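Structure first, commentary second.
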Amino acid sequence: MELNAEQKRAAEFAGDDVLVLAGAGTGKTSTIVARVVHLTKIGVDPRRILLLTFTRRAAREMRHRLTQQIGSSAKTVPTGTFHNFCLQYLRRWPDLFECGSLTIIDRDDQLQLMKLARANVVGKDAAFPKSAELANYYSYARNTNRPVAEYLAEFTDHDEDAIKRISSVLQDYTKRKHECRYFDYDDILHLFARQLHRSRIVREKMQSRYDHILVDEMQDTNPLQWLILDGMRDPAKLFCVGDDAQSIYAFRGADFRNVHSFTERVAGAQVLKLEQNYRSTQEILDLSNWLLDQSSLGYDKHLRAARGPGIKPVLVELDGDFEEADWVASDLMQRHEDGDPWRDHMILTRSAWAARSVEAALIENDIPYRFIGGTQLLQSAHVKDLLSLLRVIDNPADQLAWMRYLTLWPRIGEKTAATTIGKLLTMPNIKAISEFLADQYKTNPRLAESITECLTCWDRPSDVIGAATDKMTPLLEKKYDDWDRRSKDLKLLQRLAAKHQSVGEFLETYTLDPITESEASNEDVDDLVTLITVHSAKGTEAPVCYLIGVQPGNYPHVRSIGDDDKEEEERRVLYVAMTRAQNELFLTGTLRSHGAYVPHHNRFYQSGGSSSQPYFLSDVPPELVQSDLDIDTDPFDAPITSFRG
DNA sequence: AAGCTCTGCTTTTTT
DNA sequence: AGCAGAGCTT
């Protein structure tokens, strides 16, 4: 791998701590990988180099690139997400971290539990924040490491009384969590960080474990994650790579300004810069640079293309989202016919929901694709039904799973289930519970049989799923009228499970790293179009990128309008999206919405995008883009132009 | 207490 | 389109 001078300087940095400011496409991943290679070359034990990322995708990519460079010893370099890394130590030393056994719950379970807590504290009160909002408050406060009440007082409009009530709901939520031995995503980081700062033993153990800590996407670290880094560094040296213009995780407590305070937080730290862009053509960068220049914040970023000129980005304006989806699909098919592989194309979307019509068009036209960031396979109702059975066996204290499992059966509703759960929680093991259930529900023998059946093959995850599916099919068939379609997912699940050592490990892997249906079913296919949310796409690239939904109301998103910080983050989201493209960039959008649901808070722009609605591209200089007017608007009755001229 | 039907509301982004 | 809640029947 060839490095340029600035990359080489970063990779071979010999001082203590360093922050590498790396613009989009400047070879950030290559530089981190080169850093690891360099460290091993000068004699650092690979096991003492820690590589932290924010997403599993990034971790996978990093490990892949590292394997290409140094072969099998890449496996010995600990690489993972913050969550993964922390969880590993909570499991290894449960006593040191004072956590015992734990069950990780996903956002759905969190919301379910929050709903119970909310109902318990406030009863019915439509004006009171919904459970999703409460969960967001809770998570944000913890990720920024501040007391909830303080955060609420400062950042929301709630009065003192409301704050009190919200706090008590959150307290109730916490209590319920402990009862079931549940740990949500934030708990993983929080527990680790707390012990790291509270217990001298933990701190000494962790600080002596690594010589170098390499952090990707530093601009996305929130205060909680910083506590983790700060607790583990020194003597371990920090090598942090980031770009303030690509900070798009403020909703999770990250503040892009933190990148700038690195030198204040870490005494003697140096700052290096990577500015040469290797990914895109100059035209793509010109538009991206222009977008940042429009900001009131001085990003002071001007990416230069090492590759030189190419094709201007194309603005395509369609009549509605179906037309947009069709346009993208037919353009893809045209290119594929012309010999371009599917894998050269990436479709970027602001939200998973906005990608629905495009996904439909891809399916309709048999275009192979994988959707990253979309509805997760394990979140679909029928899969959760089935998994609830595995969960109760894995952790008999898992009340949410019991509730789901028991209420699946006829004549068992919430009330009955709750009484039953109350009784079975006092029992010593799953064996006793299943005997109790067999006795309790004689009219539904399958309820208990399913449990015993799964137990007979518990050490073979894929067989367990098979057994559970067999036992529960009659039940699920009745519950879902599109069962034929849904039952395929359970087969998929069985295939996925085959790769795992134990049911517990299988469940946990997919709680922490959910997988979409299209990803799971296309695991062995590699020529695919990638449909991806902008947030998931950070760090990736493709020769041809379609950015869908580029229209007023999306960039900036309606929910951010009026809040300068949020609007600026939206600008960065669009910037990240644009800078994924290597050769060609299409920006598609519609100015009118066609019968689609438009939430009342953004009704005002329904009639057209011209009005006062802020829109980042509303005055894009014409010389920076091509318009589709030149491409496809030949009216049907226009005079024919002879090719002889 | 369970289960059915009807109505109204919802959709940002991730671990 | 799918889900939660209300209100009704079994």
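Placement of Cβ uses the backbone N, Cα and C atoms for every residue, glycine included.
Residues annotated as ATP binding site in TrEMBL: A:Ala22, A:Gly23, A:Ala24, A:Gly25, A:Thr26, A:Gly27, A:Lys28, A:Thr29. Per TrEMBL, the feature domain 'UvrD-like helicase ATP-binding' maps to A:1-281. Residues annotated as domain 'UvrD-like helicase C-terminal' in TrEMBL: A:282-539.
For A:Lys28 (ATP binding site), applying a Cβ distance below 8 Å and a minimum sequence separation of six or more within one chain yields A:Val20, A:Ala22, A:Asp216, A:Val241, A:Asp243, A:Leu274, A:Gly539. Taking the mean position of the Cβ atoms of A:Ala22, A:Gly23, A:Ala24, A:Gly25, A:Thr26, A:Gly27, A:Lys28, A:Thr29 as the ATP site, the remaining same-chain residues with a Cβ inside 8 Å of that point are A:Thr31, A:Asp243, A:Leu274, A:Asn277, A:Tyr278, A:Arg279. Secondary structure at A:Ala22 (ATP binding site), taken from DSSP and collapsed to helix, strand or coil, is strand. In this structure, A:Thr29 (ATP binding site) is part of a helix by DSSP.
Predicted-model confidence for the domain 'UvrD-like helicase C-terminal' (A:282-539) is 88, expressed as mean pLDDT. Counting only same-chain residues six or more apart in sequence, the Cβ atoms lying under 8 angstroms from the Cβ of A:Gly25 (ATP binding site) belong to A:Asn277, A:Tyr278, A:Arg279, A:Ser280, A:Leu303, A:Glu541, A:Thr579.
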